[in-house]
């Protein structure tokens, strides 16, 4: 009887809750991975420096290329023009295909996560294979999960509701960071390994359960007389899974790239998002450095650790406030407001100077939280670009995963530029090379082989001043660039309503064609 009640309760869960739970099963693994994978291979497995950098270099190339590669393999069948009669795959079939992919890739992501914490090969080879396997499955999970955001819902209200649930579950998943501190021990690795096995088992089983529930929700939605708002909005009602198909001309990769090159809003968006990705990773890379050189004399080590931990959770909680604003004012207006806020706070901090410690502490924390929060809102903008791409190119179905992959291809170089440009600017301004001292490096992306000697005490004031100007001038520059590119982005207001209305009409026309086949 108890199991029957549990099954009934699970089947009654809203689609948005089931969709959002997938973010929980990803985040409980990924946050622990980011924190500990470098320290594990450097301090526990004793990987040598050459093998480490070879692995990181191969990983950088793989990380940049796998998003568009997997997106193309997933969505190339949707790129043809909308046929006049008949259709290839219904919206419901596309959603079911993505859910089935998640049911496989989610557990495989959990298994690849486990491969980090058990030595099974020479350290250099294991490091390379683990990074590529884990990032490959993570990319597949992220692409299909983000694509479902565009495929399950069409209206801005429903998409923000789905994103709200994702932020809520991602915040809950970030708590694994705090739990991990109780088990992390380099000398006795068995307890941490058992903790990771527990996380992986929970994540893998969660993916299997959530995808099964989501599949049943989508299948039931078609048969119910009154489909849920999400199902109707995504065009999931009254469609057949297998339909007659009329072959249409396929689109080659070169043709698709030319279509993207003519997609004006896509180009302006990736320009803005490249700056945003750069700023997010700049904050992550230099957050501990700013704490050390600007605040270390005034806050305790435990306070700094708490600030670092909270910075992982706060962006998700922050989005729980901003997403309702997106429903009311639109994503474009909220993102523009965050850019203006970033510019205003940075100018205020520049005028106040580095000696106003309370304001400085607040600025360091809020700068990271708001920047990370903005990154999470931009997923909604990509779903709108998916709609516009479908309408402009008259596609059979929205190529959601492919467009997310192409955005990642253009913007991921910002991850590499952030530490390179940041250290170069600091060296250029102060003459101080961070690689000539043992730095307080970001957790999870440590420079594992610090080189002495430390700088002379006389250099400290100059270094502190350099850190302060880096802290405030980078956000000012990013905000100005983003405000310009964002002002050129026109997919909002009347145009956005027009695009959504045209996509809705295409979806309805396709459904009518399917019913007549």
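Glycine too: its Cβ is placed from the backbone N, Cα and C atoms.
Note that the structure is a prediction, hence the values are computed from the model and not measured.
TrEMBL lists transmembrane segment for one of the ranges 47-69, 70-92, 162-184, namely 162-184. Which of 223-241, 242-260, 299-317 counts as transmembrane segment depends on TrEMBL, and there it is 299-317. Per TrEMBL, the stretch carrying the note transmembrane segment among 449-467, 468-486 is 468-486. Among residues of the same chain six or more beyond the transmembrane segment (190-214), those with a C-beta under 8 A of the stretch's C-beta atoms are 10-11, 13, 15, 18-19, 21-22, 24-26, 28-29, 32, 36, 99-100, 102-103, 106-107, 109-111, 113-114, 116-118, 176, 179-180, 183-184. Residues 22, 26, 30, 33, 37, 41, 45, 47-48, 50-52, 54-56, 58-59, 62-63, 66-67, 70, 101-102, 105-106, 108-109, 112-113, 115-116 of the same chain lie 6 or more positions beyond the ends of the transmembrane segment (124-141) yet place their CB under 8 Å from a CB of it. Looking at 16-38, 101-118, 266-287, 329-352, 468-486, the range that has the most CB pairs within less than 8 A of the transmembrane segment (162-184) turns out to be 16-38. Tertiary neighbourhood of the transmembrane segment (329-352): same-chain residues 156, 160, 322, 359-360, 363, 366-367, 370-371, 373-374, 377-378, 380-381, 384, 471-473, 475-476, 478-480, 482-483, 486, 489, 491-493, 496, selected by CB-CB distance under 8 Å and a gap of 6+ residues from either end. Counting only same-chain residues 6+ beyond the ends of the transmembrane segment (16-38), those with a CB under 8 A from a CB of the stretch are 102, 106, 109-110, 113, 116, 130-131, 134, 138, 141-142, 145, 148-149, 152, 161-162, 164-170, 172-174, 176-177, 180, 184, 192, 196, 199-200, 202-203, 206-207, 210-211, 213-214, 217, 230, 312, 443-446, 448.
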